[in-house]
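Novice: Structure in structure tokens, see below.
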């Protein structure tokens, strides 16, 4: 019962629609929340849905001492990204609290705990629902505390820092995450070295590089059949889900983690799923944030990406926004964007992350059907229940 309650946090507040903060200017598949405060500034969040079921999930958790951002880009279905949205932060809070503060080790342990918990769920469910073994999600996390930013990721969602340039009038884009995607030559080389006896570990098919001809990302939460060969070898799974046999794991859940000391010239952060970065360069995105008002800035980035997606098809954004979910995936991917402004940097004693009552949760909707619902801002009591479920 508790897991079902946790699995759909946004749905409890939104129903199954989205659209807080006034919707997307006539786009029923674009949702955003109004500008909100965090420990060292303000943040903005927006989501555009393309798939029949929204496979992206985004969340921001704030307290007086810390800010946490999560962007989870699912594939094969929404189950993994929704699972991460309900489980990762409770694990991270627990491990960081046990260690007396945020650290790369606490983040790594939280990722591993989430992966193991998802694996257990798959083992319980997969005989009745074999496709659950093929569901996965990229996972991008940012945590700010005591003037230090931690960025951790699996997959190809991306965190980009906008910092003031030397002349003070321009902004420089600095990427803070690694793309675990076989489109990157370095990732292909890594896989080839790990699988020297498999000449087909990475295949160019359908216009892109894919691991075993199946998937583009090399690290994720989930995708159990590509990490646990016994699932891929099962006759039922091979008949109904994937017929390619595997001898050993071809993906991992080992996050790349970067620790960055915030500086006065660091102005803002953009966390986004690859749906944004498929359309906009890092520099184009930071220029949009730097040159425009804060109100609705995440929505502005999403609309810029949708405009570019339309341009590539010799269309206008006004044409795309009338296309229904599902069909819209032919033009762009689901897009989740969180912009975090860095207005003041707090120095001093390493702070306690805060007790459970001090956190405020903002989750993007589970699905977006309209532009009229209220934005999601979870009461601390709900977070208490989530924490209790994680620790128990």
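Here the Cβ of each residue, glycine as well, is placed from N, Cα and C on the backbone.
Straight out of Swiss-Prot:
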type: BINDING; residues: 73, 74; note: Mn(2+) 1 binding site
type: BINDING; residues: 73, 274, 333; note: Mn(2+) 2 binding site
type: DOMAIN; residues: 39-342; note: domain 'PPM-type phosphatase'
Novice: Within 10 Å of the Cβ of residue 333 (Mn(2+) 2 binding site), how many other Cβ atoms are there?
Specialist: 24
Novice: Cβ-Cβ under 8 Å from residue 73 (Mn(2+) 1 binding site), same chain, 6 or more residues apart: which ones?
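Specialist: Expected: 55, 56, 81, 137, 138, 140, 155, 156, 157, 273, 274, 275, 334, 336.
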Novice: For residue 73 (Mn(2+) 1 binding site), name the DSSP secondary structure in the helix/strand/coil scheme.
Specialist: strand
Novice: Just to verify a number: CA distance, residue 74 (Mn(2+) 1 binding site) to residue 333 (Mn(2+) 2 binding site), in angstrom, no decimals.
Specialist: 11
Novice: What does DSSP call residue 274 (Mn(2+) 2 binding site) in the simple three-state scheme?
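Specialist: In the DSSP reduction, residue 274 (Mn(2+) 2 binding site) maps to helix.
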Novice: With a radius of 8 angstroms around the mean position of the C-beta atoms of 73, 274, 333, what other residues of the same chain does the Mn(2+) 2 site pick up?
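Specialist: Neighbours within 8 Å of the Cβ centroid, excluding 73, 274, 333: 56, 138, 156, 157, 273, 275, 276, 277, 278, 334, 335.
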Novice: So for residue 74 (Mn(2+) 1 binding site), how many other CB atoms are inside 10 Å of its CB?
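Specialist: Its Cβ shell of radius 10 Å holds 29 other Cβ atoms.
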Novice: Pop the mean pLDDT for the domain 'PPM-type phosphatase' (39-342) in here, whole number is fine.
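Specialist: Summarising the domain 'PPM-type phosphatase' (39-342) by its mean pLDDT gives 95.
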Novice: Hey, what's the Cβ neighbour count for residue 274 (Mn(2+) 2 binding site) at 10 Å?
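Specialist: Excluding its own Cβ, residue 274 (Mn(2+) 2 binding site) sees 24 Cβ atoms within 10 Å.
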Novice: On the three-state reduction of DSSP, what should I expect for residue 333 (Mn(2+) 2 binding site)?
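Specialist: Coil, per DSSP.
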